[in-house]
């Protein structure tokens, strides 16, 4: 078996995963529409996918008893994801069943959704073990997303919408190939796991600032639901070609990457409350303007707001979590990912689907209202300080 330096192995892992994900997220609604599924059914599929991604992360993370098996688990999940996508592609030729596509989407979300937290867990272990620079390695994942959405989005605009599922499959196969080498250094278990398990989710949620922060970040991240599910469909309906929509998606992620790179210096003297306020105002303006702007230059400028609506709120939340006792961090991260990035996005995606079928403009304006409501739950200024929670 070929061995590869652990940091290079993880770089390839992030790149392969997010390259395929960069095609899946913006373009799978277009593929579903090409298969004649209704807007309501598309919304249900995408919303439920977030729930199953959350369940997949919880389930497969719980199956890891020895962290040395993390690379093998990631390989198995990658293979399973590709197999399900192959089944979806083949089924589109012979069966047009919403129940079948729902089951297959659920399976894909379980397998693929578990990959993201397991990658981050592996990165965290190697950060302590071999000094891996998480920020720089993770940036490669964002670069992979940009390449997926821009380069392969352009290819799909040439091949046609039915090719979307096959391009995703091809990229997942490449992702599997990237994982075939063995990392030179296997991860070693974190010795603080037992201590972390002594803190319950209920104890963590008993802290008022944690509750407020989770509600606020859920409203901000959840307000992206209409964007994730319907931005591509909306732009195409406004006469923007698929290649250009891919570029618009790519611009938003590039803005996110640039902000993450400079965030520590830019926001060194900003407190958590100020960061959340900035993100809330930006999200409200973004979703209010989204269905109104029809000028490509202004749309491009609006896409840069992704750095403020997603990246700033994520940065603020990670700063808060990092300031907590070590024994709290893993479960706080699980709460953050599960509640805001999965459940909140799922619920607001489903809601936006119902409204979008009635009036697309109202769908995005509803997201603006949810983002604005996060001002009611701003965490207090000193919430970045370490907080001990007693049982």
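Each residue, glycine too, has its Cβ placed from N, Cα and C.
Copied over from TrEMBL:
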DOMAIN    10-364  domain 'Major facilitator superfamily associated'
TRANSMEM  12-32  transmembrane segment
TRANSMEM  44-62  transmembrane segment
TRANSMEM  74-93  transmembrane segment
TRANSMEM  99-118  transmembrane segment
TRANSMEM  139-157  transmembrane segment
TRANSMEM  163-180  transmembrane segment
TRANSMEM  213-235  transmembrane segment
TRANSMEM  247-263  transmembrane segment
TRANSMEM  270-290  transmembrane segment
TRANSMEM  296-322  transmembrane segment
TRANSMEM  334-356  transmembrane segment
TRANSMEM  362-378  transmembrane segment
Checking distant contacts: for the transmembrane segment (99-118), what same-chain residues at least six beyond its ends satisfy Cβ-Cβ under 8 A?
17, 21, 32, 35, 37, 44-45, 48-57, 59-61, 64, 70, 73-74, 77-78, 80-81, 84-85, 87-88, 91, 334, 337, 342
If you average per-residue pLDDT over the domain 'Major facilitator superfamily associated' (10-364), what number do you get?
88
Sequence gap of 6 or more, Cβ distance under 8 Å, 3 or more pairs: do the transmembrane segment (270-290) and the transmembrane segment (213-235) meet that?
yes
